[in-house]
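What follows is one structure encoded as structure tokens, with my remarks underneath.
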């Protein structure tokens, strides 16, 4: 730490010692040269240098200034030789140069000669713009401003009088072009009031040495501006004033402002305003300020710089004085707060700034009267303009300030098709337009030229009312490219490409039209280049989307209950039926006979009847038979009936909510919806290219991700985007709320989502500085107060369609086949199921009948066999006793026995034969016992 401090002290002491060494080695006397125009100036120069040595403020002790001066020769070559012989030979540190009485090249010769060695030259009267070029006049400064600096005063005067559109007339020399360039730069510079920018309507450039100016004046007679700014020499100004007076362009209503040279014209018209530099001819005051500025610069440089002696020989062309370059920079940085010519300061080019001017008004007989001044204010440290307006006599000897422009009575109006504000209908002849339509030809370079359209709508009615209220005629045309306009690069593939306005805005900015009457959103980007009236309609930005279709399917009638609840209901039906059957079966009071009139017995409740009873109670159908008879089963039946009533009532209520009162909600909640902000979501949104909505998204940093996603989907116009929303190709279209609300009113299937954002208004667009701006604004405000705008809204935007949609929203939906198709399909399934079951029953019954017939035949055959067997048993039983008696009685009995046998044999032969059946059917007689 201590080491660092010691090093810092050593370095500081070394620097101080080095400065002292330089100060001690610097010269103690300085020679100052002067090239002046008169002996009086030479004497004043000597006296000023002599007095300077006694002023400690500028000259430190031990330092002395010496003067070396010469008279300026009109011959520039002689002047250059004299500078070398009488000034540079005496090692002058700077040269103060005046202006010759005749000739203009001598100051330039002094600048070239001294500048070759970088010896600073301070001019006190040279005002040509060429001296500002540091490539030529490398070491030239001046205490007078160049002529081009008068453009700064012009701008302040024009803004003071509120003249925002002018015509500039200038000569085609260096100073003329310089003053035009400075005026255009200064008038368009951004200051506190960015809306007040002076516009140059037309520039007239002429060659010096005029003979006539009539042709150029004829070209500007039809211009709107009536304020002329002129830079010309005295002789050229006299020609211009002569021709302008002949063409009555110096009468009442015109304003002429000129520079100092033109102010001296002998025929300058009465009412002319001109500028005159304060102390312009006071050569002594400029000599004094120049010497003091130089002494201040040497004093400052002597403190820190090492000063070397200047060159002393012009023949030594190889040596350049490095100290001269440093001294030039020090002089350029100096300021004199209270100089003899005012506040003295220089810009980067070495030109005088903060120079003071008088505003001069030409009166009768060429009298020059100062009516204002342009001076440096110490309080604000800026230039300030003060004018005595009541003392100004204007052209035509008028005491009131002219308007400064001629209001044209016929305007070129452009618009764009945008429902419901502008409807465009293609026609073959303008005569086909109806009474409420306005002809609006469309010029499109990509299609057939001069297409004829008829336009009507909100904006067309507004245009008609405006023309009547503020008294103008108009010709209407549609946008050439069908766009509102954006600020884009043109010919980006070529070098030097620049940004240009397209669409409606481009037509206005480049003065191809006078007014835009369309749904043109007011925003900062556009307001910088065009003028807007007060809004004729306030609106914002919203999102248009198609209403989600109903989620009705073939099983819509099942929506009131969840799948779990339906399963539980189905299970409950069968569980209750089973319990009813069991209770009725095992109850001791479940089986009894009813004393019916017909004496029939009621069957007991079986399982099938129990299921039928449970379904019948649930579906609220009549139960004709198969009801429970035991008390326990009937208690359960009553509870089940209550359950069924609650289930059916709940189902009916929810069915109404799902199918009748259901209203689809918007899918998006607004611009802050996470699905819009999240670029990964599969949701397409878009707007119109180059529109105000597109500009809004560009300047919103928080919407940058969303904008990058939607930029690729943007449409050329709103019509295509809205149609894609209807077709389901685009999920969300972001656009002006007034248009989207109109579309939602026209088609109840469309809906706007979320709240409005980016609130703004529609305004009438005009050129910057247009004289119609205030008139249009006042007319629109009057339309708002008188209810005309409200009538436009009712006629074109609302059209009672919004109310119809709202009424439809409040009424229940009518159920259609789409909603109840599942029920009909269920009935159809029941019918088909019944037909299938009846077929199965018929087939099964026929099979049963065949089987029963076969069983009857088999049973009949078995009975026959059984009878035959019985007979045999009986016969045997009868034969056995006879044989026993025959044995006991002898042959007689034997003969009788044979007779019996024979009879028995005969009877046996009479037994019917059993029919033979096919192998396919064999009666089952195995159970018979023979």
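Each residue, glycine too, has its Cβ placed from N, Cα and C.
TrEMBL labels come from automatic prediction, so no person has curated them.
On a predicted model such as this, the values are computed, not experimentally measured, just so you know.
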608-634, 635-661, 662-688, 689-715 - the range that TrEMBL marks as transmembrane segment: 635-661
Annotated range (TrEMBL: transmembrane segment) out of 489-507, 527-545, 546-564, 565-583: 565-583
Transmembrane segment per TrEMBL - which of 770-794, 795-819, 820-844, 845-869: 820-844
Positions on the same chain near the transmembrane segment (565-583), where near means CB under 8 A and six or more residues out: 558, 590, 605-607, 609-611, 613-615, 618, 628, 630, 632-633, 636-637, 640, 643, 647
Most distant Cα pair in Å, residues 519, 521, 526, 736 binding L-glutamate: 17
Cβ neighbour count (within 10 Å, all chains shown) around residue 736 (L-glutamate binding site): 27
Cβ neighbours within the same chain of residue 526 (L-glutamate binding site) - under 8 Å, at least six residues apart: 485, 505, 520, 532, 692, 765
Residues within 8 Å of the 519, 521, 526, 736 Cβ centre (excluding the L-glutamate site residues themselves): 484, 520, 522, 523, 691, 692, 760, 762
Rounded Cα-Cα span from residue 748 (disulfide bond) to residue 519 (L-glutamate binding site), Å: 24
Residue 519 (L-glutamate binding site), number of other Cβ atoms within 10 Å: 25
